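Only one structure is covered here, and it is reproduced in the block below.
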């Protein structure tokens, strides 16, 4: 695989697969990383591992996310090709979201991180407490 040359041009359209570089400021992979690793991006991807959900179901499950933020996060994940949006022509509007094959790949990786965080929560909180006591001294 070849690393993306910057700025993007006709080279990016070649048949050879390109590899991004999240450490390169202008690389689009950095923006994709933001979409996937944001708080709401992670929760959307992990929620959709369970199957297809409507907007309202995702919002209820995630708790604390505004309609606007959920809509923006879903839009970014749809544009990146991780989430499929299907809108049915009925009143009231009926829209479903599900993972694409590529979305399923990334969601599994993000879910592993989520699982690690949940499993090691006590260790992280103990470290925070220890650090807080050290700073106060």
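Each Cβ is built from the backbone N, Cα and C atoms, and glycine gets one as well.
What TrEMBL annotates here:
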type	residues	note
DOMAIN	27-125	domain 'HTH hxlR-type'
Do you know the mean pLDDT across the domain 'HTH hxlR-type' (27-125)?
96
Residues of the domain 'HTH hxlR-type' (27-125) by DSSP state, where helix covers H, G and I:
65 helix, 14 strand, 20 coil
